[in-house]
Amino acid sequence: SGIHRNIPQVSKVKSVRLDDWDDAQVEFMASNGNNVAKAKYESKMPPFYYKPTFLDCQLLREQWIRAKYERKEFIHSEKQEPYSAGYREGFLWKRGRDNGQFLSRKFVLSEREGALKYFNKNDAKEPKAIMKIEHLNATFQPAKIGNPHGLQITYLKDNSTRNIFVYHEDGKEIVDWFNAIRAARFHYLQVAFPGASDVDLVPKLSRNYLKEGYMEKTGPKQTEGFKKRWFTMDDRRLMYFKDPLDAFARGEVFIGSKENSYKVLEGLPPSTQGNHWQHGITIVTPDRKFLFACETEDDQLEWITTFQKVISRPMLPQEYAGVFSHKAWRTNSSHLFPVREQDEQEGGSGVEQLLLLP
């Protein structure tokens, strides 16, 4: 209602209990209820356009309301060109990987080329990065990025997940970019899976993380001491970073299903030492145990609940395709690559059980 109050030329907000209603207003609502309004204002809504819920950030909810009622984008399909044309270019503020400064960079999204590219210089002929639509994800992260329009884009680079963080001053602009990425992925998946329905494809266009936050972790020998790291649960991949805005994860742990002997336990083994935080979590995998510690009991409960949801979900055939004899493998398309995790001890080199799914 707060968003609607800011567009008085379109919306009028009344309380059911606190305001007086005259007969004409009651009759208007009776004849123009939710179903009638939806049939009108969403009549030409493309299937790939992201429809936010109350859990989404303020920006997505506001731009949905403005697109639907103010700009009437889902009544007039020609107004959808910014995200449905199959090509988009423009400038976004991108966070530097090393210095943390946001600099203006040119981005080009091309369905025909199957890629999102960005250029370090306006007149550069070669892009700084080519992000394949096949492995692209975008999710709004205003709190983490520190900007209400902050968007996190991830893709595969050298078989590792690469994060970039961008924003645009104009809310419509960044949401149009977000939906253009979803449109490109939708059309890619339609070709890749010709028999799939829209209902099957839409959930795969972009994904929000199941949970993020700080935990402590120790290494494979469980004698290295615990270090505070930022964790991201992305589908079945538990990634951890030294800093939330790092470009690359320090490691990725695959979380399988209970049918494959994965389970999560509250607490740590009795012999565990070196953890500063007292609320432990143990994840049991076919090869080893992963030990984590949370700062608060609430954090511990939230992480355990998240892990349990993932473990209780049966694995999909494409997820099985990436598992090879329970070894440390990362998978990209039809190729398998052995992976060595960056060891956080000086002079060492440790191996984690790692798996990156397409």
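Backbone N, Cα and C define each Cβ position, glycine as well.
Predicted automatically and left uncurated, TrEMBL annotations should be read as such.
Feature annotations, reproduced from TrEMBL:
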- 1-82: domain 'Arf-GAP' (DOMAIN)
- 85-186: domain 'PH' (DOMAIN)
- 208-312: domain 'PH' (DOMAIN)
Helix, strand and coil residues within the domain 'PH' (208-312) as assigned by DSSP: 18 helix, 41 strand, 46 coil
Secondary structure content, the domain 'Arf-GAP' (1-82) (per DSSP, counts of residues): 40 helix, 0 strand, 42 coil
Reported mean pLDDT - the domain 'PH' (85-186): 95
DSSP-derived helix, strand and coil totals, residue by residue, for the domain 'PH' (85-186): 23 helix, 46 strand, 33 coil
